[in-house]
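J.: Before I ask anything, here is the structure I am working with.
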Amino acid sequence: MNSASRITLFFLLTVLITQECLSSKGEDRLFRRLFRRYNQFIRPVENVSDPVTVEFEVSISQLVKVDEVNQIMETNLWLRHIWNDYKLKWLPAEFDGIEFIRVPSNKIWRPDIVLYNNAVGDFLVEDKTKALLKYDGTITWVPPAIFKSSCPMDITYFPFDYQNCSMKFGSWTYDKAKIDLVLIGSKVNLKDFWESGEWEIIDAPGYKHDIKYNCCEEIYPDITYSFYIRRLPLFYTINLIIPCLLISFLTILVFYLPSDCGEKVTLCISVLLSLTVFLLVITETIPSTSLVIPLIGEYLLFTMIFVTLSIVITVFVLNVHYRTPMTHTMPSWVRTVFLRALPRVMLMRRPIDLSESSGKGGGEIAGSSGTGGGRGAEGKKMKSSASQQGAMNSLEFGEGKAALEGKKGGCPCHPIKEAIEGDCGKVSRQLTPQAINTVVTFSVVSPEIKQAIESVKYIAENMRSRNKAKEVEDDWKYVAMVIDRIFLWVFVLVCVLGTLGLFLQPLIGFFS
């Protein structure tokens, strides 16, 4: 570095140091002059009857918390106060051109503006921040403060709720004749607002009021800011509403599960237990208040009733499903309603037994073993045809007897054997009680054959009774299936309409 550069650098440093010293001395002289005889307890007015005009503005930095249980809104605010103090004026030319000076706020007179609806903490802001003083006496004081204001909340539509929280600022001791508040702007300053993850500020207008209280004759001005906030429902939708919807649809699946699997009640109890555990987990999330029932609370109660009714109905369906002819007799109206009318309405088609569809003109066994949905007129027709066929069998075996008696010569056993062998196909095809009785009555057979025929008759009667019992059991099972299908659609409609009805209420209330 050459000598010229060194001289230039030294000259600049000297000028800066000298100017700083002069500025410090000028500011010190100004401070001593301003506060030599200043009294911070006296209102800064030349005429005692004149009010001090205080311009007031609120800037919100952060919406810290909204406590629904205690009904408190916690905010971080910057309060801008602007007023003029005639005793704090100076000429900048006399003090090295100083136009602004920062002074401790406890050294000057300050308006005692407090938050009227403060819930917790101090009503006054702290005086640790400095005030900006201008040469013409204008004072700007912007103290930051964290307020916990009381806010009556309506959580009826939680978590889709809107809240209106007000903050009322005003002088606590000075009436309008002493301090006149002027609102800066028409709403809260949101330029430095940090977005909250739970709440959104829709609007925050400000209003000035002049109120006469019962305690005093004077009129007191105040500035009230109304914070219109909306809860962001994404967190509650994912953690509350969607699990409840899934549990509700699991309840619907109970009615689609077949009764024979034996897991219907198990599924119902599992859904109820899962809902109970879920309610225990989210108890701290839901606002615990007895003033109103929140929307999510109504939906959880709706889901609980939903699951409980599904258990009751499932027990009833299982009771119907496992009924037998030995314990219950099916009334005719049940057969008409649940076996004929309702299946058509519910678009249910009962499969027809193959034996019935393949041999409609067969014997009584085939007719009685069919599992078709309608057993009224068709069953009667089958029974009448079976009785006619029994009479035909009697006639046929009667002719066989006459033929046997018409035989002459030889052992009587041979004609009997031939007659039996000749009619064997008919007996095997139409094994009815009439046919068996005809064989036993009009045939001269050995005791062994009679015993065999009686055994066949017993087996046929047993098979017939079992088939009839099986038919009745199948009818009861089909009735249970119809009831299941009815409640399946009923629960689907109730679940969809109930969900839409509950969660459309906030939207309807907002537009109304």
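Every residue gets a Cβ built from N, Cα and C, even glycine.
Per Swiss-Prot, the features are:
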type     : residues      : note
TOPO_DOM : 24-242        : topological domain 'Extracellular'
CARBOHYD : Asn47         : N-linked glycosylation site
DISULFID : Cys151-Cys165 : disulfide bond
CARBOHYD : Asn164        : N-linked glycosylation site
DISULFID : Cys215-Cys216 : disulfide bond
TRANSMEM : 243-258       : transmembrane segment
TRANSMEM : 261-277       : transmembrane segment
TOPO_DOM : 278-299       : topological domain 'Extracellular'
TRANSMEM : 300-318       : transmembrane segment
TOPO_DOM : 319-482       : topological domain 'Cytoplasmic'
REGION   : 356-389       : region 'Disordered'
TRANSMEM : 483-501       : transmembrane segment
TOPO_DOM : 502-512       : topological domain 'Extracellular'
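I would like each feature placed in context: is it buried or exposed, what are its neighbours, and how far apart are things?
T.: In the predicted model, residues of the topological domain 'Extracellular' (24-242) average a pLDDT of 91.
Classification of Asn47 (N-linked glycosylation site) by DSSP places it in coil, neither helical nor stranded. Shown in sequence order, the list is empty: the chain has no residue 6+ apart in sequence with a C-beta less than 8 angstroms from the C-beta of Asn47 (N-linked glycosylation site).
Mapped onto three states, the DSSP output places Cys165 (disulfide bond) in strand. A sphere of 10 angstroms centred on the C-beta of Cys165 (disulfide bond) encloses 23 other C-beta atoms.
Secondary structure at Cys215 (disulfide bond), taken from DSSP and collapsed to helix, strand or coil, is coil.
Listed by sequence, the residues of this chain that lie at least six past the ends of the transmembrane segment (243-258) yet keep a Cβ under 8 A from its Cβ atoms are 264, 267-268, 271, 274-275, 278, 299-300, 303, 306-307, 310, 313-314, 317, 484-485, 487-488, 491-492, 495, 499.
Sequence-distant contacts of the transmembrane segment (483-501), counting only residues of its own chain at least 6 positions beyond either end whose CB sits under 8 Å from a CB of the stretch, comprise 245, 248-249, 251-252, 255-256, 259, 299, 302, 306, 310, 313, 316-317, 320, 338, 342, 346, 348.
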J.: With DSSP as the reference, give the number of residues of the topological domain 'Extracellular' (278-299) in helix, strand and coil.
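T.: Output for the topological domain 'Extracellular' (278-299) reads 9 helix, 0 strand, 13 coil.
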J.: What parts of the chain pack near the topological domain 'Extracellular' (278-299), using Cβ distances under 8 Å and only residues at least 6 beyond its ends?
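T.: Non-local partners: 68-69, 154-161, 236, 239-241, 243-244, 247, 499, 502-503, 505-506.
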J.: Which site among Cys151, Asn164, Cys216 has the most other CB atoms no more than 10 Å from its CB, taking these as recorded positions?
T.: Cys151
J.: Taking the Cβ of Cys215 (disulfide bond) as the centre, count every other Cβ atom within 10 Å, in any protein chain shown.
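T.: There are 7 of them.
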